[in-house]
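Student: For reference, the structure I am asking about is given below.
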Amino acid sequence: MDYLPLFADLKQRPVLIVGGGEVAARKIELLHRAGAQVWVVAQTLSSELEQQYQDGRIHWLAQDFLPEQLDNVFLVIAATNDTVLNAAVFAAADQRCILANVVDDQPLCSFIFPSIVDRSPLVVAISSSGQAPVLARILREKLEALLPTRLSDMAAIAGRWRGRVKQHMASMGERRRFWEHAFSGRFASLISRGQLTEAENELQLSLEGQHRALGEVALVGAGPGDAGLLTLRGLQVMQQADVVLYDHLVSPEVLDLVRRDAERICVGKRAGAHSVTQEATNQLLVTLAQQGKRVVRLKGGDPFIFGRGGEELQVVAQAGIPFQVVPGVTAAAGATAYAGIPLTHRDHAQSVTFITGHCRPDGDDLDWQALARGRQTLAIYMGTVKAAAISQQLIAHGRSSTTPVAVIGRGTRVDQQVLIGTLAQLESLAQQAPTPALLVIGEVVNLHHQIAWFGQQPQTESAINPSVVNLA
């Protein structure tokens, strides 16, 4: 190792900063977070530091640097653009065996600042030993995405409970197993949902040997296909799953992000070929959770938009199973954005309506009169099979047969296809589109030719012949 990683306790310790500009201000912000007592040596201060001085947050020595200013200082940072001054600060500190950092000048550093992921009291520090700071920053960003923000609560509660756990468990191995179970089980799940009191109750039950073998269900929206649209929260929950129930709308790229040793069960349904009934899926969620497993129900798009997620959670709730919901990017938002079709536009559409092509068998007919009105966008899910009836009803109720339409197949994926035509051609377009497909009806479709951005540039065809844009 070029550097030994250390965590320094700076609370109320004097730290000297030489320099009063923006770079100094960035370092001072870190020092404040660590509770340091900051002294600044500079002839002038930036407006930000001037305000901190007025607020009493820093001490200011409005003079030139002198070596004796290092007396009784814990460490020093030189943050000026004067290389001679910076070298003098380092030399004086080195002579006194005081840790020194000259910003962006590694040879003049006896310590360096790492990239930091702050989940205090849990702190992760990453360093490239000054060789590749951009790489360290990229790794920090990846860890920021993977580490839940609630880790700070988890670490704080664990700190408060260490003494009690030690009193109950004399063996270090026993204590280690206790915390391993807590950090990967129901205690961690409760923390992630912000249920801190319940989480501490769970620790108490575990200490008393009353831990219930009860799992939980997480309803997670997988988004429309592109794995990059999966939410950070969704990724974190998927990485903790014991078993994942997924449907056919979940892309392989998203499934690849599931924890490697998690069991995967396909409960997908297709029109006319339901491989698993909804009732069987509902019961399976309950059964698996009652076995103490962390169950993820992974649904394409958003689970509460035509995904029957509400029905599934009603059954889970009635069984007394804990659950949580992680929203996802719904297909109408994701697919249209990737196709360059805004759902609303000041000049073309003041409203948007989401419609499902799969209606309840005993449901009322749609309000076609309202849907046929102009200056609105219709986004129809699972509507390819009924495209002919949709077109006929809208035209019969007053919508122009030349209204622009788009059928977006496999939206947001690398093989996305966008088919453009008119309302009269909707059935033909739907027959050509790969599934899953979204129907979009309204004048906003015309903007596709101007602002399509994903994959190849749009290919404009005549209004008579539908255009196909293959974005593979």
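Cβ coordinates come from backbone N, Cα and C, glycine included.
Keep in mind it's a predicted model, so treat the numbers as computed, not measured.
Annotations per Swiss-Prot:
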- D247: active site, proton acceptor (ACT_SITE)
- K269: active site, proton donor (ACT_SITE)
- E22, V23, Q43, T44: NAD(+) binding site (BINDING)
- P224, G300, G301, D302, I305, T330, A331, M382, G411: S-adenosyl-L-methionine binding site (BINDING)
- S128: phosphoserine (MOD_RES)
- 1-203: region 'Precorrin-2 dehydrogenase /sirohydrochlorin ferrochelatase' (REGION)
- 215-472: region 'Uroporphyrinogen-III C-methyltransferase' (REGION)
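If you look at the structure here, what lies around each of the features I listed?
Tutor: Under 8 Å, Cβ to Cβ, and six or more positions away along its own chain, D247 (active site, proton acceptor) finds C266, V267, G268, K269, L298, K299, G300.
When other Cβ atoms within 10 Å of the Cβ of K269 (active site, proton donor) are tallied across all protein chains shown, the result is 17.
In three-state terms derived from DSSP, V23 (NAD(+) binding site) belongs to a helical segment.
Other Cβ atoms within 10 Å of the Cβ of A331 (S-adenosyl-L-methionine binding site), summed over all protein chains shown, number 27.
Just so you know, the Cβ of S128 (phosphoserine) picks up 16 other Cβ atoms within 10 Å once every protein chain is counted.
Model confidence over the region 'Uroporphyrinogen-III C-methyltransferase' (215-472) stands at 88, taken as the mean pLDDT rounded to a whole number.
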Student: Roughly how many Å separate the Cα of G411 (S-adenosyl-L-methionine binding site) from that of V23 (NAD(+) binding site), to the nearest whole number?
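Tutor: V23 (NAD(+) binding site) has its Cα 45 Å from the Cα of G411 (S-adenosyl-L-methionine binding site).
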Student: What other residues of this chain sit with their CB within 8 A of the center of the CB atoms of P224, G300, G301, D302, I305, T330, A331, M382, G411, the recorded S-adenosyl-L-methionine site?
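Tutor: Neighbours within 8 Å of the Cβ centroid, excluding P224, G300, G301, D302, I305, T330, A331, M382, G411: G223, L249, F306, G307, G328, V329, A332, G334, A335, Y381, P436, L438.
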Student: Return the maximum Cα to Cα distance in Å (whole number) over the record's NAD(+)-binding residues: E22, V23, Q43, T44.
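Tutor: Greatest Cα-Cα span of the listed binding residues: 15 Å.
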Student: Other than E22, V23, Q43, T44, which residues of the chain come within 8 Å of the NAD(+) site, judged by Cβ distance to the Cβ centroid of those residues?
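Tutor: Everything else in range on the chain: G19, G20, G21, A24, A42, L45, S46, L49, A79, T80.
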Student: Determine, to the nearest whole angstrom, how far the Cα atom of P224 (S-adenosyl-L-methionine binding site) is from the Cα atom of E22 (NAD(+) binding site).
Tutor: 43
Student: When the Cα of E22 (NAD(+) binding site) is compared with the Cα of each of the recorded positions S128, G301, I305, A331, which one is closest?
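Tutor: Closest recorded candidate to E22 (NAD(+) binding site) by Cα: S128.
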